[in-house]
Amino acid sequence: YYVWLQVMIFPVIYNWVIIILRTCFTTIALSYLPVWLTLDYLADLMYMADMIITVHTGYLDQGILIRDVAQLRKRYLHSTTFFRDLVSLLPTDFLYFVFGIHAPLVRINRLLRIPRLNEALDRMETRTSYPNTFRISKLMIYIFVLIHWNACLYFALSSYIGFGSDRWVYPNMTDPAFASMRRQYFYCFWFSAQIFTTVGDTPLPKREEEYLFMIADLLIAVLVFASIVGNVGNVITSLRDRDNVFFPNHELVKAYLRSHHISKELRQRIDSWYQHLHINKKIMRENEILQQLPVHLRTEIAVSVHLPTLSKVTIFQSCEKSLLEELVLKLTPQVFSPGEYVCRKGDVGHEMYIIREGKLAVVADDGVTEFAVLGESNFFGEISILNIKGNKSGNRRTANIRSIGYSDLFSLSKEDLTDVLSEFPAAKRHLEEKGRQILTKMGILEESGEQEEGEAEKVETKIGRLERKLEILQTKLARLMSELESSHCKMQARVEQLEWEVAAIEPQLPEDGGGEREKGRSEGVAPLMTGDTGPIDSTQLHT
């Protein structure tokens, strides 16, 4: 679809430029008539093909791509785009039989396809890698078309007034110098450009028609000049904003250094550092530039840019890809000047470094003796960002690293690595094991410390297991106590109910029911109410 839009630029521009040219310059129209007719109907064929492609172009409905031909056709036929496209293809060429073949103005309806040109240019602007240059080029194309139209109208007005009737109109055709077709067009274009740019001494108009033409041109020239200044100003502003985002603000730093009377040598070093950034296009604020993108797009960009470098680090080799994708977002670019120390022996290590470009020297304490030179894709300080028990160096730097020239490095801080590894416990154990192996080869890992660490981990594991068991027992005990209390409450309620039933039955016994029954009952109950220890009370009976 994008390629087709670029193809459609040519027929639209052709109609906008040639129709007015053939209408005003009749000599040019008649001299190349077969060529113009061929190009006319070729442009019409492309217009028809564009309608067919538009009918089959899908659209998004709530984020879903609609590709059903019936729905696409219905949507296109009920849109204003279809009406405009249809009007632009009406067979107005039959009017040639009325006005003659030298009247290409009958095809003026072909100019209605200008929205297609705007769509193509907008899409090209969003996809080009040089948007500012494209905006200037697009503005120049618009100005060229405007000057072209004005030149054609100037020639037509001169023909209406009379060639050579005064100094303002086009000179008389009888002069051989102004009789050729090329001279006619070039002179009119030059005259029109002079009016719009207000550069040069144009002849003063003599007639009312000439005055009106000049007034209209001068008003349009004001708008053209304003548009040029505005667009160029926007381009310059965008370039300045881009530089401010890409590079630190040097002017503020200069003002700060001047206000604090910093030494000239240090100011020269800072100026050289800024100059290196600008000349080599070193970007120091990648995170701010990409902040507006979604997280997954930022991750893909960081993976494509930094993942090959990060994969070369020994401790990160064979790690899962998701871990590396998290780490690449944490890499911070740094630039070191010639002779600047990246780290010194004995310093506490808070980050590791990966050399992207440049050379670093491993030097002795005297700063002169060089033990080794680290080049591109080398790394150092990876052990210091892992808290490995038994490390004799105690996470301190074991060497002096100094930049030979300008060096571009990536740094990864210990805090960022810790945050990422908290989500990947298996990778954390893997990295710590690799770190122990490296420390063992270097001879700076204490075995006793590693054993004590293992024993401490075992004790902590046992304590944790006992605590979990104790929590389970406490839960069971609480459940048993609650069940016992519930049973006691139920039993007490049952006893109270029985007492109420007995109390309700006793008043209903007959008072004169015979002494013998009362006596017999007393005799019958007496053995039950007595025992070896004597009579029992009602509470013992209930129990």
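Every residue gets a Cβ built from N, Cα and C, even glycine.
Straight from TrEMBL, the features:
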COILED    449-483  coiled coil
DOMAIN    315-429  domain 'Cyclic nucleotide-binding'
REGION    506-543  region 'Disordered'
TRANSMEM  12-33  transmembrane segment
TRANSMEM  86-106  transmembrane segment
TRANSMEM  139-164  transmembrane segment
TRANSMEM  211-230  transmembrane segment
Which one of these stretches, 86-106, 139-164, 211-230, has the most C-beta pairs shorter than 8 Å to the transmembrane segment (12-33)?
139-164
Mind tallying the domain 'Cyclic nucleotide-binding' (315-429) by DSSP state, helix then strand then coil?
23 helix, 40 strand, 52 coil
On the 0 to 100 scale, where does the mean pLDDT of the coiled coil (449-483) fall?
77
